[in-house]
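The active site, nucleophile annotation in Swiss-Prot covers C150, and the record cites sequence analysis as its basis. If you look up Swiss-Prot, you'll see R11, I12, D33, T120, N314, Y318 marked as NAD(+) binding site. According to Swiss-Prot, the feature D-glyceraldehyde 3-phosphate binding site maps to S149, C150, T151, T180, T209, G210, R232. The site 'Activates thiol group during catalysis' annotation in Swiss-Prot covers H177.
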Amino acid sequence: MIRIAINGFGRIGRLVLRLALQRKDIEVVAVNDPFISNDYAAYMVKYDSTHGRYKGTVSHDDKHIIIDGVKIATYQERDPANLPWGSLKIDVAVDSTGVFKELDTAQKHIDAGAKKVVITAPSSSAPMFVVGVNHTKYTPDKKIVSNASCTTNCLAPLAKVINDAFGIEEGLMTTVHSMTATQKTVDGPSHKDWRGGRTASGNIIPSSTGAAKAVGKVLPELQGKLTGMAFRVPTVDVSVVDLTVKLEKEATYDQIKKAVKAAAEGPMKGVLGYTEDAVVSSDFLGDTHASIFDASAGIQLSPKFVKLISWYDNEYGYSARVVDLIEYVAKA
């Protein structure tokens with residue numbers, strides 16, 4: 001059994017918990033969040049406005065949340081270095097705080113006794129891995145790794161398939177992205193990003209994203225060939241990537257569809273999905289794929305210039321990849 005601890009019990013932390021509980025080879029041992037009491041932690045596991053009520057039983061005592069009869073130790077420690085990961089024999093600490101996302105800060109989990117750390121955010125210093133794209137390049141000497149971002153997890157599998165089959169000369173990505181916790185319910189101060197301070201539920205908000213450039217970190221052959229931006233839109237979950245690329249080799253749209261479908265049914269099964277149905281965003285709520293190619297939504301201008309569309313549940317699909325990466329690094 002892989003013994004894990006979750007630091008940070010927000011959207012991703014709670015969904016990683018839900019998904020990890022479904023895996024037979026993972027045991028969730030502990031949860032740490034300095035801002036959440038046990039009764040409130042249990043409440044937030046039980047009720048979720050986006051993904052629905054937890055179908056099992058949830059309760060708590062003074063030192064645990066209890067899910068389906070399994071006791072999970074709880075802590076309210078601000079400094080991860082003070083957590084008892086050593087005595088709890090933690091194999092992998094999952095850091096989903098968004099705070100301890102660099103090698104020097106995530107090291108606190110190692111200092112506390114965890115064997116390895118998976119960061120659920122992009123990192124400028126920790127090596128980034130996208131399951132299905134470059135995870136097999138992981139080596140056990142890397143104690144701290146990043147699972148990159150939800151958008152990179154959607155874009156990278158598609159970009160890899162297209163680049164391997166036809167070559168990408170250059171490309172631009174736009175993600176039409178659901179609201180997240182960093183946004184405002186009404187107009188408020190946001191000194192670094194003025195647009196980001198505007199009300200999330202009533203606006204389409206242009207925003208920056210490093211997701212496309214990050215693909216170059218997980219696929220070095222695409223370094224410098226992709227960049228992108230985001231539009232934040234008033235939906236609670238599920239986002240969509242629009243990848244517009246100039247190909248190196250000529251291709252028909254049918255050839256592109258066949259290449260993506262072959263990957264989705266073969267080496268990227270479970271990570272990359274494929275659909276030809278007339279779908280909309282809510283159809284992917286709770287989908288565990290990192291990226292679902294929408295074959296009927298893409299368009300082609302010329303044999304080397306295409307726009308490709310891929311959906312992703314930016315919460316659930318991403319959290320599923322976090323759990324996959326936990327399994328991979330723990331067993332490596």
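Cβ coordinates come from backbone N, Cα and C, glycine included.
Among the binding-site residues listed here, namely S149, T151, T180, T180 has its C-alpha nearest to that of R11 (NAD(+) binding site).
When the Cα of T120 (NAD(+) binding site) is compared against those of the recorded positions S149, H177, T180, G210, the shortest separation belongs to S149. In this structure the residues listed as binding D-glyceraldehyde 3-phosphate are S149, C150, T151, T180, T209, G210, R232; their two most distant Cα atoms lie 16 Å apart. Here I12 (NAD(+) binding site) is positioned 16 angstrom away from H177 (site 'Activates thiol group during catalysis'), judged by their C-alpha atoms. Within the set of recorded positions C150, T209, R232, the entry lying nearest in space to Y318 (NAD(+) binding site) is C150 (CA atoms). Within 10 Å of its Cβ, the residue among the binding-site residues S149, T151, T180, T209 with the fewest other Cβ atoms is T180. Residues listed for NAD(+), R11, I12, D33, T120, N314, Y318, cover a largest CA to CA span of 22 Å.
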